[in-house]
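Novice: Attaching a single structure in structure tokens format; questions to follow.
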Amino acid sequence: MATRRIVATEKSILEKDDHIGSSPAAGEKSNITPAVPLDVILKLLAFTLAMVVIPIGSYFVTVNSIFKGNSTYAGALAAIMANVVLVAYVVVAMNEDQTEQEKAKEGKKDR
């Protein structure tokens, strides 16, 4: 039977590094910052709330006051308002992406 020879330069199981995968060593602080900035999360939450409140609110406000009980027109207005909120979110997201690209270009020019 073959036996394994212990090499002095090889680390034993107790001497191995504390790194497991991509986690930091025992003495280091881990980076707990979120991958997505807080302002992006807040914008998403605001538009999610708007996507729920604005169409439903516009339906119930207009069904009896403006359209005199005609729920078809009030429903159509609610659908239009949902699309308005969606388009507004896309525009805000595109503008935010463009400003990030401009900041990256300015950062490269300064170097």
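Including glycine, each Cβ sits where the backbone N, Cα and C put it.
Okay, so Swiss-Prot annotates it like this:
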TOPO_DOM  1-39  topological domain 'Cytoplasmic'
TRANSMEM  40-60  transmembrane segment
TOPO_DOM  61-73  topological domain 'Lumenal'
TRANSMEM  74-94  transmembrane segment
TOPO_DOM  95-111  topological domain 'Cytoplasmic'
MOTIF     108-111  motif 'Prevents secretion from ER'
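Please situate the listed features within the shown structure.
Specialist: Note on the transmembrane segment (40-60): residues 34, 71, 74-75, 77-79, 81-82, 84-86, 88-89, 92, 96 of its chain, located 6 or more positions outside it, place their CB under 8 angstroms from a CB of the stretch.
For the topological domain 'Lumenal' (61-73), the predicted model reports an average pLDDT of 96.
Proximity of distant same-chain residues to the transmembrane segment (74-94), defined by a Cβ-Cβ separation under 8 Å and at least 6 residues beyond the stretch ends, is recorded for 43, 47, 50-51, 54-56, 58-60, 62-63, 66-67.
Sequence-distant contacts of the topological domain 'Cytoplasmic' (95-111) (same chain, at least 6 residues past either end, Cβ-Cβ under 8 Å): 40, 43.
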Novice: How many helix, strand and coil residues does the topological domain 'Cytoplasmic' (95-111) contain under DSSP?
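Specialist: Residue counts for the topological domain 'Cytoplasmic' (95-111) by secondary structure: 16 helix, 0 strand, 1 coil.
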